[in-house]
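Participant: To start, I am sharing the structure in question, which I have written as structure tokens.
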């Protein structure tokens with residue numbers, strides 16, 4: 001029976017392929033190859049290198065799941081938003097595969113995929129708030145009863161995850177910065193450094209991390225010799241202030257929207273400090289908290305495959321001749 005959907009994810013620096021049963025939501029195959037070590041020496045993602053590594057990794061993974069090809073009913077691929085050259089690597093492969101196997105092609109918005117990471121093995125729930133925090137995005141969404149999405153808040157500049165990467169780079173700690181900063185903060189012996197919470201007295205429902213990032217830079221410049229203890233102290237102050245900022249704005253949003261269900265997705269949602277605070281916030285407002293599994297917080301093809309299951313039912317197919325690359329499109333209005 002042809003009931004399997006193969007999905008490809010290559011929006012940034014993770015190459016991933018997954019195969020899901022559209023009837024049972026059972027994962028038949030999932031593989032992910034990270035490029036973190038390859039980019040770490042540059043302190044961030046190099047697009048051209050990412051594209052080359054995708055072109056090497058994706059064919060290898062396809063060979064590993066070839067046994068399932070005879071049961072495929074569709075090919076899905078991330079087409080927006082992301083790095084152009086990275087997206088194109090996955091799209092080109094998806095189009096080739098769809099054409100060769102004579103299967104429908106399903107483009108999937110990467111951010112929508114993250115939302116589906118909450119529902120990998122179950123039907124999607126509606127009427128809930130969602131915090132999406134990653135290396136490229138920071139936003140709060142309202143998933144309404146009619147499956148429409150309303151953007152409640154987004155960042156005016158840097159994202160939550162991006163700010164961790166940049167602070168780590170300032171202190172020559174490596175890439176990616178999220179886990180490095182989090183682990184360093186846990187080892188802080190001194191806690192005398194503090195930073196102002198961004199937009200603390202603003203009623204605007206928005207995030208901003210550029211000012212905090214600059215405050216960290218100025219603090220680093222005060223120290224001629226940045227020893228490990230000082231780095232840990234700065235990491236602790238930065239992480240807590242960044243989390244304070246997220247929680248401050250979420251508190252305002254909860255007061256306005258009275259969510260009974262709240263989901264958290266994206267690579268940066270793996271931060272344990274943030275997760276703990278979110279649990280406390282939802283307890284305070286008597287809301288059910290749904291967290292994406294740690295294994296599937298970061299970019300992966302299984303969330304794309306899961307989103308494609310619902311897209312398949314709606315027949316959201318495109319021609320392999322159609323230009324579906326949309327690297328900057330963050331506007332998605334429905335699930």
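Placed from the backbone N, Cα and C atoms, the Cβ positions cover glycine too.
According to Swiss-Prot, the record shows the following:
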BINDING   110, 114, 299  Fe cation binding site
BINDING   132, 133, 134, 135, 136, 165, 178, 271  substrate binding site
Participant: When DSSP states are folded down to helix, strand and coil, where does residue 134 (substrate binding site) land?
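Facilitator: Its secondary structure by DSSP: coil.
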Participant: Just to confirm: which same-chain residues, 6+ apart in sequence, have a Cβ under 8 Å from the Cβ of residue 110 (Fe cation binding site)?
Facilitator: 9, 11, 78, 80, 81, 82, 299, 304
Participant: Just to be sure I understand the packing, how many Cβ atoms besides its own are within 10 Å of the Cβ of residue 132 (substrate binding site)?
Facilitator: 25
Participant: Applying the rule Cβ within 8 Å of the centroid of the Cβ atoms of 110, 114, 299, what extra residues of the same chain belong around the Fe cation site?
Facilitator: 9, 11, 78, 111, 113, 117, 134, 266, 267, 300, 303, 304
Participant: What does DSSP assign residue 271 (substrate binding site), in three states?
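Facilitator: The residue in question, residue 271 (substrate binding site), is coil (DSSP, three-state).
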Participant: Three states by DSSP: which one describes residue 299 (Fe cation binding site)?
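Facilitator: The residue in question, residue 299 (Fe cation binding site), is coil (DSSP, three-state).
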Participant: Out of the binding-site residues listed (132, 135, 165, 178, 271), which are within 10 Å of residue 114 (Fe cation binding site), Cα to Cα?
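Facilitator: So the list reads 132.
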